[in-house]
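What TrEMBL records for 22 is active site, proton acceptor. Annotation source TrEMBL lists active site, proton donor at 97. Annotation source TrEMBL lists substrate binding site at 71, 77, 84, 98, 99, 108. The site 'Transition state stabilizer' annotation in TrEMBL covers 17.
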Ligand code: DQA
């Protein structure tokens, strides 16, 4: 089973960025521990700060992989292009947000991804990625 985690802008700074909201762990640390816990899953990770690169990656994997776990970060709230890409591909997308976006600014409460996502996980911290992974397994 091939699953990819795709992270959007500023998530390369996890561990350093606003730790009270996003925690102290870097994503690489978390990803490596996740890979160890699921040795039978072909788990990949891609991060970009560039909208078009996120769309290109979704096109590349979106007719072949079993699942995409997508945290499009700020592009969630702005990108018609990423929303359209979720619609265009065949691979189901589970949307993840580390923080509870509904308890934050109003502009974070709209998502271009959610209407076409297989499911949405919000506010569980990094554990949301593992819960999304479990949703593809079970
Ligand atoms: C985020 C929430 C977004 O509103 C924000 O722009 C992010 C991260 C989250 O994981 O909580 O960069 O997607």
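The backbone N, Cα and C atoms fix where each Cβ goes, glycine too.
Automatic, uncurated: that is what TrEMBL annotation is.
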**Request:** Output the one of 97, 108 that, of all these recorded positions, has the highest number of other Cβ atoms within 10 Å of its Cβ.
**Result:** 97
**Asked** Which one of these binding-site residues, 71, 99, has the sparsest Cβ neighbourhood, judged by other Cβ atoms within 10 angstroms?
**Response** 99
**Message:** Spatially, and counting Cα to Cα, which of the recorded positions is closest to residue 77 (substrate binding site)? Options: 17, 22, 97.
**Reply:** 97
**Asked** Where the criterion is a Cβ under 6 Å from an atom of ligand 1, which of the recorded positions 17, 22, 71 meet it?
**Response** 71
**Message:** If you count other CB atoms within 10 A of each CB, which of 17, 77 wins among these recorded positions?
**Reply:** 77
**Prompt:** How long is the line from the C-alpha of residue 17 (site 'Transition state stabilizer') to the C-alpha of residue 84 (substrate binding site), rounded to the nearest angstrom?
**Reply:** 29
**Request:** Among the recorded positions listed here (22, 84, 98), identify the one with the smallest other-Cβ count within 10 Å.
**Result:** 84
**Request:** Could you check what DSSP calls the residue listed as 'active site, proton donor' once collapsed to helix, strand or coil?
**Result:** strand
**Request:** Among 71, 77, 84, 98, 99, 108, the annotated substrate contacts, find the widest CA pair distance and round it to a whole Å.
**Result:** 24
